[in-house]
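Features of the protein shown, as given by TrEMBL:
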type: TRANSMEM; residues: B:12-38; note: transmembrane segment
type: DOMAIN; residues: B:67-275; note: domain 'ABC transmembrane type-1'
type: TRANSMEM; residues: B:73-92; note: transmembrane segment
type: TRANSMEM; residues: B:104-125; note: transmembrane segment
type: TRANSMEM; residues: B:150-175; note: transmembrane segment
type: TRANSMEM; residues: B:211-234; note: transmembrane segment
type: TRANSMEM; residues: B:254-279; note: transmembrane segment
Amino acid sequence: MVKGVELINTSKSYDGKIAVDGIDLKIASGSYCCLLGPSGCGKSTTLRMIAGHEEVTSGDIVLNSRNVTDLAPRKRGTAMMFQNYALFPHLSCVDNVAYGLKIAGLNKADRTKEAMEMLDLVNMASFADKRPDQLSGGQQQRIALARALICKPDVVLLDEPLSALDPFLRIQMRKELKQLQSKLGLTFIHVTHSQEEAFALADLAVVMADGVIQQQGHPKSIFEKPASAFVADFIGGHNVLKANTLNDPSPLNGAESFSIRSDKISLAPLDANTEEHHVSIKAEILDVEFQAQFYFVETRLADGQKVMCYIPEDQLPQDLAIPALHVQLSWALDNINPFHPN
Amino acid sequence: MLINTKNVSSYWQSLPLTLVLMTFLVFPLFVITVVSFWDYNEYSIIPDFIFDNYEYLLTSKVTWLAYVNTFKYAFLAWLLTLLIGFTVAYFLAFHIKTNGMQTLLFLICTIPFLTSNIIRMISWIPLLGRNGLINSGLQSAGLTDAPLEFLLYSDFAIVLAYVHLYTLFMVVPIFNSMMRIDKSLIEAAIDAGAKPYHILRDVVIPLSKSGIIIGSIFVFTLVMGDFVTVKIMGGGIRANIATLIYNEISLLQYPAAAAGAVVLLFTVILILVILFRLVDIRKEL
């Protein structure tokens, strides 16, 4: 038996408009998967199809070797945490958490006991009798998480769970989500539009655009080798350049464009010699931004393409960091990531 | 100093409404209360301070019967308008997906209000009467031998007219509450395994409670104070408390009518106090 979640050629269309276009995805049991993409890319729809809140137009959804495509949400072994948490405003926290057990027919004493244990797990036991509107965003989120976990799902689905929190809390909750996931050994599928969040959390990151998967894999492999100009642009930290930028395009093997990581570019004076296995290109500095560990140096090539360079704070020659100055950008040939049209 | 100026100007702003309410609500109520203690005979009312009007009112069997009737009408009208109003509001709020369609159907609900309520009631008569459409229809279909007498000039006709007149007052506040229910709450309930019945019991009804109560306040107060419907649809043989007051006024027994009005006012206020305890009206406005 294959454990985990599998989408087989799954599509969704609304009145002929395609939202998700035949995606294939395998998520191993116990892994943390992030669906990443700009808004309208179909990532939320995909999640809602897995949850059973959105009908599948065609294709199948398989959970632990069981085809759940047409099952009701509760029958699938999934639990969803909603974007705005969707806590019942008229119920106390403990009743919110216990709701799934109430529906399952547990008596009040038993379900309250289990709900209290779950509240304990998310460190919210002392808020059991509070109403959701008396809690902060982060606290509401813990309650929502406890409510999702109470029915012992195999797969927890999180729809942009951190987007309503302030940046500081977001990083803290991100850690807690990851810790809870590895502690409980559950499969988490997490929708986000923040590549930072996805990279920090995911064992498997799935970049989506226009209803199709652009690239999937470990965040590190995606960052090191983005599969398309879109992915390189979207995850950031990369420059997408045309093939004719290079004087000698032979390392590209005929690709029309390539990407180069911003932190792999170094700055040198115009008269510096090019190292072996490196390329050099002339550029004009537009702007230098101090970003603590890095300087962000924005430059423009002769043909107008902009190149962003992240230079470690201690490696930027101060006599080069002057706007309007012409310098030489260089990077190793090995760092060139060509995009071959499929 | 700043706060003082602000206070003074807010008093000025509320002055016009205060004057209107004082002149047209508080003063008449005061006069009615004063008159309710006066004496009267066949042709004049006599300034006095007696409790005879109240004594007669509260010891008369007619009054108590009229109160029983009034509460019966109010309860039946409330129950039926609630059932119909909740269903209509639920349909509009949860089954109609597009805003345009919602607005259109909502406007259709208000069509009965395009004409006066007297006309609306009178139009029931040709339908419900002894030789009306329903009776002649039933008879020619062979379903009944004689006309059904309960259709018109009966409690049935009165409650029917109330339901027809006041259901919209239930639909509007309930629909308003339902539109504020976050649809993801329903999905969250489904995610927890809830069946439609559970969703209704655990999510929709608790969260439309304030709309239900506001609608109930409308219907209760309207039915408690109504006498036209009872006169027209009851054919003059049914009485509620307001028709008693009306009759006393036509007999020029103003102090007795005033006493009846004061007691009715207190009854309605008592019901309102109870209902307002169940809802935070400020949150709804």
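Glycine is treated like the rest: Cβ placed from N, Cα and C.
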Segment proximity, the transmembrane segment (B:254-279) to the transmembrane segment (B:104-125), 3 or more C-beta pairs under 8 Å: no
Sequence-remote partners of the transmembrane segment (B:254-279) [C-beta within less than 8 Å, at least six residues beyond its ends]: 29, 32-33, 35-40, 45, 53-54, 56-58, 63, 67, 209-210, 213-214, 216-217, 220-221, 224-225, 241-242, 244-245, 248
Intrachain neighbours beyond the transmembrane segment (B:12-38), with Cβ under 8 angstroms and 6 or more residues off its ends: 45-51, 53-54, 254-255, 258-259, 261-262, 265
Same-chain residues near the transmembrane segment (B:73-92), Cβ under 8 Å, at least 6 residues beyond its ends: 102, 105-106, 109, 155, 158-159, 162-163, 166-171, 174-175, 178, 204, 208, 211-212, 215-216, 219-220, 223-224, 230, 240
